[in-house]
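J.: First the structure, which I've put down as structure tokens, then a few questions once you've had a look.
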Amino acid sequence: MQTLIWNTLNSAQKQAALSRPAQAVGEQITQAVNAIKSNVINNGDKALFELAEKFDKTTLESLVISKAQVEQASQRIATELKQAIQTAKGNIERFHQAQKNQTVDLETQAGVRCQVVTRPIQNVGLYIPGGSAPLFSTVLMLAVPAKIAGCKTIVLCSPPPIADEILYTANLCGVETIYAIGGAQAIFAMANGTESVQKVDKIFGPGNAFVTEAKRQVLQQGTAIDMPAGPSEVLVIADEFADPDFVASDLLSQAEHGSDSQVILVTNCETLAKQTALSIEQQLARLPRAETARKALAHSRTFIAEDLQQCVEISNAYAPEHLVVQVENARNLLPFLDNAGSIFLGAYSPESMGDYASGTNHVLPTYGYTRTHSSLGLADFSKRMTVQELTPQGFKDLANTVMLMAEAEQLEAHKQAVAIRLEKLTQE
């Protein structure tokens, strides 16, 4: 990790130092995704079977996972892991249940009633990546709020062969339909529907560059997605009271995600920075994914700040996905932290807790999007509608205001919609 003293940098250098690794969708990826889209839209299930053989090296008998397959998968999972998943599910349920919208129903003036009503998104699709490490925790993060929100149909896609942990967790969360479909083809299948796959209104879940590009394309064509996606990242604010081993472990927990991940340490203590660098090397030696972590560390940085106030300013400028605060009285900094997907306060709140079981959602905006986007929550699985209802007297009292405004905007039909009613009321 490169170490930089913040106050020695000019504005351009600061901006460059806070930059992320470049994210560019290559022409090859775009062309490949376009070909997959055309194939799925034109050939439906047939394309999905062919693509499973091509990309997943799997010959499928059915795209739909049977209840018997789910039951067999559940039996193969250790009891201890089942209990851990159930504990995490309970915490996630409690946190998201508490996010239910409060009723908004009031008179803005006498006889003018305004409301906000919330309705679930009817049909949602969840995408869970495959690979060597099954992300069954993401099933919890997506399926639990979808159920609490009351989504009518929840389907899940994951590349075959689907890990037992994913099948067990999906079933535990009440997902009734699971498809053995991965990659960009899963996104296009859920967005457009096929003979077997139900069309959905919104798609959730992470994925590789092909999945990300497919989600971008379906968003342009009318299917909603959860949020823009990018490489994983963490920023740690630490002072002289922080444990360098703890700080190093938090940085490495993100660095091991992928070579394009980025980790940032911001501290007002040079000694802590040096101790953390030593601890990183010691811990790297014990990590199975050390090579991946080293690649991420190559474009990661340590910033030496003047004081904690400057640490906060740097963090807000970077706008991290994960923000770990390991300082004395960490909660005292919270009112000044404006841009982060999820914040972890104190020495015993590692980012891993939020990734799995504290109850917060680990689906977070990255790449600086936390300036304008929020962590995934119950609201993402529902939509708000406003309602207004006016009594005759309420209408009369507000009529002149509306007619004056409509006339000023030269929208005569708007004005007449009020004037016609007002005339009939005065005749009664």
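Glycine residues also receive a Cβ, built from the backbone N, Cα and C atoms like all the rest.
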J.: Can you find which of D164, D201, D355 Swiss-Prot lists as binding substrate at the same site as S232, Q254, H257, H322, E409, H414?
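T.: Candidate listed by Swiss-Prot for the same site: D355.
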J.: Report the member of H257, H322, H414 (the binding-site residues) whose C-beta atom has the most other C-beta atoms within 10 angstroms.
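T.: Output for this query is H322.
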J.: To the nearest whole angstrom, state the Cα distance for the pair Q185 (NAD(+) binding site) and D355 (substrate binding site).
T.: 27
J.: Where E321 (active site, proton acceptor) and D355 (substrate binding site) are concerned, what is their Cα separation in Å, rounded?
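T.: With the alpha carbons as reference points, the distance is 12 Å.
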J.: If H, G and I count as helix, E and B as strand, and all else as coil, what does DSSP give for D355 (substrate binding site)?
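T.: Its secondary structure by DSSP: helix.
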J.: Roughly how many Å lie between the Cα atoms of N208 (NAD(+) binding site) and H257 (substrate binding site), rounded to a whole value?
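T.: Cα-Cα distance, N208 (NAD(+) binding site) to H257 (substrate binding site): 12 Å.
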J.: Among the binding-site residues listed here, S232, Q254, whose Cβ has the fewest other Cβ atoms inside 10 Å?
T.: S232
J.: How far apart, in Å, are the two Cα atoms that lie farthest from each other among S232, Q254, H257, H322, D355, E409, H414, the residues recorded as binding substrate?
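T.: Spelled out: the longest distance between any two Cα atoms in S232, Q254, H257, H322, D355, E409, H414 is 55 Å.
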